[in-house]
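Novice: Relevant sequence annotations retrieved from Swiss-Prot are reproduced here:
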DISULFID  CYS26-CYS38  disulfide bond
DISULFID  CYS32-CYS50  disulfide bond
DISULFID  CYS37-CYS78  disulfide bond
DISULFID  CYS60-CYS86  disulfide bond
DISULFID  CYS80-CYS95  disulfide bond
SIGNAL    1-19  signal peptide
Amino acid sequence: MKCFAQIVVLLLVIAFSHGAVITGVCDRDAQCGSGTCCAASAFSRNIRFCVPLGNNGEECHPASHKVPYNGKRLSSLCPCNTGLTCSKSGEKSQCS
């Protein structure tokens with residue numbers, strides 16, 4: 001049982017270490033793969049995940065920074081994929 005507790009503590013330390021990227025959790029775009037950005041969680045701006053860039057017809061944020069962005073994104077939406085723009089469509093914006 002003591003060994004199990006030590007393993008759990010070790011995994012928690014690794015998961016919350018600065019710069020650790022586990023299961024898509026990130027801090028900056030550079031930690032994500034091609035075609036993705038490091039977007040804020042819709043539930044907490046302190047948690048960010050690697051999210052795919054927007055495709056045609058998908059929701060976007062018109063003021064989103066280009067990829068790669070060196071700062072921390074505040075939006076839960078990535079910018080549109082190459083060749084697409086984020087345009088207002090009704091009350092929401094979409095990649096087109």
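The backbone N, Cα and C atoms fix where each Cβ goes, glycine too.
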Novice: Which chain-mates of CYS32 (disulfide bond) that are at least 6 residues away have a CB under 8 A from its CB, listed by sequence?
Specialist: GLY24, CYS26, CYS38, CYS50
Novice: Measure from the CA atom of CYS86 (disulfide bond) to the CA atom of CYS78 (disulfide bond) and give the result in Å, rounded to a whole number.
Specialist: 10
Novice: Distance between CYS60 (disulfide bond) and CYS95 (disulfide bond) at the Cα atoms, whole Å?
Specialist: 6
Novice: Note down the number of other Cβ atoms within 10 Å of the Cβ of CYS26 (disulfide bond), including every protein chain shown.
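Specialist: Taking all protein chains shown, CYS26 (disulfide bond) has 23 Cβ neighbours within 10 Å.
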Novice: Determine the Cβ neighbour count for CYS38 (disulfide bond): the number of other Cβ atoms within 10 Å of its Cβ.
Specialist: 25
Novice: At a 10 Å cut-off from the C-beta of CYS37 (disulfide bond), count the other C-beta atoms across all protein chains.
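Specialist: For CYS37 (disulfide bond), the count of other Cβ atoms within 10 Å is 26.
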Novice: For CYS78 (disulfide bond), which of the three DSSP-derived states applies: helix, strand, or coil?
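Specialist: Its secondary structure by DSSP: coil.
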Novice: Given the disulfide-bonded residues CYS50, CYS78, CYS95, which one's Cβ is surrounded by the fewest other Cβ atoms within 10 Å?
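Specialist: Result for the disulfide-bonded residues CYS50, CYS78, CYS95: minimum number of other Cβ atoms within 10 Å at CYS50.
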Novice: Translate the DSSP assignment of CYS26 (disulfide bond) into the three-state scheme.
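Specialist: Its secondary structure by DSSP: strand.
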Novice: If you draw a 10 Å sphere on the Cβ of CYS60 (disulfide bond), how many other Cβ atoms land inside?
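Specialist: Counting Cβ neighbours of CYS60 (disulfide bond) within 10 Å gives 25.
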Novice: Reported as an integer number of Å, what is the Cα distance between CYS80 (disulfide bond) and CYS37 (disulfide bond)?
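Specialist: The Cα atom of CYS80 (disulfide bond) is 10 Å away from the Cα atom of CYS37 (disulfide bond).
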Novice: Just jot down the residues in the same chain as CYS86 (disulfide bond), at least 6 apart in sequence, with C-beta under 8 A of its C-beta; none if empty.
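Specialist: Within the chain, CYS86 (disulfide bond) has Cβ neighbours under 8 Å at GLY54, CYS60, HIS61, PRO62, SER64, PRO79, CYS80, SER93, GLN94, CYS95.
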